[in-house]
Amino acid sequence: MAAPLSLLLVVAVTIRAALNRSSLAELIAERVEVVSPITAWKRVIEGLALLDLGVSPYSGDVFHETPLIIYLFHFLVDYAEITFMLADVITAVALYVAMKDFNKQVFRKQKFSLEAERYPADCLELIRSPTEMFYIPLKVAMFYLLNPFTILSCVAKSTCGLNNAVLSLFVLTTIKGNVLLSAIFLCLATYQSIYPLTLCAPAMLYLMQHQYVPVNPRRAAFWWFVVQYLFMYLGSLFVIVCLSFFLLGSWDFLPSVYGFILSVPDLTPNIGLFWYFFAEMFEHFRLFFLCVFQINVFFYTVPLCIKLKDQPVFLMFMQLAVISIFKSYPTVGDTALYLAFLPVWSHLHRFLRNIFLVSCVLLACSALFPVLWHLWIYAGSANSNFYYAITLLFNVAQILLVSDYFYAFLRREHHLTAGLYLKKKDGSEATLVLK
């Protein structure tokens, strides 16, 4: 598999290099679907200019990235294109290796269940074959590297690509079972954008299963592991925040980065749900609805953990999708990361109900984003309602996609225990209803 992966990497880097040298690069870097007020490269450059002048980059309302990012590019600004291409390569390779290990674990668990005769006889057709699973890691890397959303983010030099690299390394180290590195990379991801905090739960669930710690709150071993992981996670976060303070010499970055993410003061249009809603909001209702919108990202963590406690990798996929949809300043790069996981769940296709419709809607919305933006901003023949309608439809399609995979996953798990062809007491065929 090394040769196909190497060829894929060469093709992906060549496409990015060609687009970086084309006249489209400047146009892509201005697209509101690709960059946000946080991840825009133009703002990083302005922050670097302020830093070179001896002024805090957070003194104005321009730069909202973390101090480590600005100090990273203080040394690598001349190699920015290579840095962002390397970030995409790291993400793809990390996901490739992670899914390769995950597939081995799934196959081993499946083989053990077959030998123990835990599966009903009529559901053997649901069992995944080694041939089917062999190419999944390569497909995951391909889905990420050749996804137009990822390519656009890389060409625009959106710092979302760096966030994705950190998240992919977190997924890799978690699946490898390395507790310390998992906590460190999760801490880095949280330091970048707060929302990956919700990935703490699936990481702990997976690592507990990997180390044969009982996932039972009544057991002392459970709480001891939770305390250990949180100590490493919070300790790493404390060290990074203190390092940021020593680099910058002040705490200005806290309100400028995290306050900006949580309070959403910049209502520049994007593919998210916040901007239009709060542009139309009366000021005295703003705080209440801001809390509601922000809590929405974290709200699904507990019910999903309860339902998927035995399937932490699928839970991780669900959490990444929820973050991508409901965060305050999303870009297409965030969407690309969780879409890369879809080949891992290819065995669920027979149970998906709306995949064709949702795929068509996502493709249509992607094509209509620049059209409606042009009609609104340049032609003047449309207004913000048109653009928000397409962003709303895009997010509804994502929610339907994730819900469909969730339903398909639960249905397959049910069939693996109850049988594929369900019967009523009178012998007639039964219909499975998800409540």
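From the backbone N, Cα and C atoms, a Cβ is placed for every residue, glycine too.
Curation does not apply to TrEMBL; its annotations are automatic.
Ranges compared are 136-159, 160-183, and TrEMBL records transmembrane segment for 136-159. For the transmembrane segment (220-251), same-chain residues at least 6 beyond its ends with a Cβ under 8 Å from one of its own Cβ atoms are 56, 58, 66-68, 71, 179-180, 182-184, 186-188, 190-191, 200, 203-204, 207-208, 211, 213-214. Highest Cβ contact count with the transmembrane segment (314-342) among the listed stretches 68-99, 136-159, 257-278, 354-379, 385-407 falls to 136-159 (criterion: pairs under 8 Å). Taking Cβ pairs closer than 8 Å, the signal peptide (1-17) reaches residues 81, 84-85, 88-89, 92-93, 96, 100, 137-138, 141-142, 145-146, 151, 154-155 in its own chain, all 6 or more past its ends. Sequence-distant residue pairs (6 or more apart) of the transmembrane segment (354-379) and the transmembrane segment (285-302) include fewer than 3 whose Cβ atoms are under 8 Å, leaving the two stretches without contact.
Just going by CB pairs under 8 A, the stretch in 68-99, 285-302, 385-407 that sits most against the transmembrane segment (257-278) is 385-407. Panel annotation: around the transmembrane segment (285-302), residues 195, 197-198, 201, 262-264, 273-274, 277-278, 318-319, 322-323, 326-328 of the same chain, lying at least six beyond its termini, place a Cβ under 8 Å from a Cβ of the stretch.
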